[in-house]
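Here is what Swiss-Prot records for this protein:
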ACT_SITE  22  active site
BINDING   108, 109, 110, 111, 112, 113, 114, 115, 116, 117, 118  ATP binding site
ACT_SITE  150  active site
């Protein structure tokens, strides 16, 4: 380490953050908007599968990113980089400093789990902590909106939310703590844009059965409430969806569903089945899907 690097290490401020995945406990596509996006109604729940981030304020201006996944872009194509740039552009406290982001990817990419959006939202929250909470939660959510539909949820402190608009208008909900979830990912990247374009071809008026928040006193009916409008379309493109659902059902899941635009499927298990049963099911599924099986809980 040369002298300049040594001086930088002494003045840099670091923060470790965990960026959680999410599952969609319901997702209904309501209509297509004039801007090409779709209005949604979705119940999002953060779960205990995390990307790991380290944020470092540096003397050198700009944003740099290193990542454990060599397939992840390191420039402004990455939402985490764009989030950092958005924060720096708004901040009056950062001065001429820049940001270095170290990202360890554990959440599968293109999986319907919100990994990239979570990284971006977590960068906003982390930089805000490093800079002594310069912005309110509401201001962070507003900053997150141009970055992507799910980013406001991850920029918030909400563990669960009912989201409308394009997914950026949030109503906080209590976490679904009485269930365990097993996530299974087939290792197939699904383009959210492509799925919504295909869905628009089949969009027809429908009753908004699922377009409402799921309330605490209704938890007994959660399993009936689960629904994903996009699942049928993704299943046609990715037959593994139905296969994963069948395996989860055969191994005791109370309900199974695809998360977001796929390709991850999750099974819901009553907490009362116990960790031993969860571990057994994960072992069975891992024989086919390897390291893409995750036992998680609501956070």
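Glycine too: its Cβ is placed from the backbone N, Cα and C atoms.
In the three-state DSSP scheme, residue 22 (active site) is classed as strand. Take the CB of residue 116 (ATP binding site) and look out to 10 A: across all protein chains shown you find 25 other CB atoms.
DSSP assigns residue 118 (ATP binding site) to a helix in the three-state reduction. Under 8 Å, Cβ to Cβ, and six or more positions away along its own chain, residue 112 (ATP binding site) finds 24, 190, 258, 259, 260, 261, 262, 263, 264.
Each of the binding-site residues 108, 110, 114 was scored by the other Cβ atoms within 10 Å of its Cβ; the lowest score goes to 110. The ATP site is defined by 108, 109, 110, 111, 112, 113, 114, 115, 116, 117, 118, and by the 8 Å test on Cβ atoms against their centroid, the other residues of the chain that qualify are 21, 107, 260. Spatially, by CA atoms, the recorded positions 108, 110, 114, 118, 150 include one closest to residue 22 (active site), and that is 114. Cα to Cα, residue 150 (active site) and residue 118 (ATP binding site) are separated by 8 Å.
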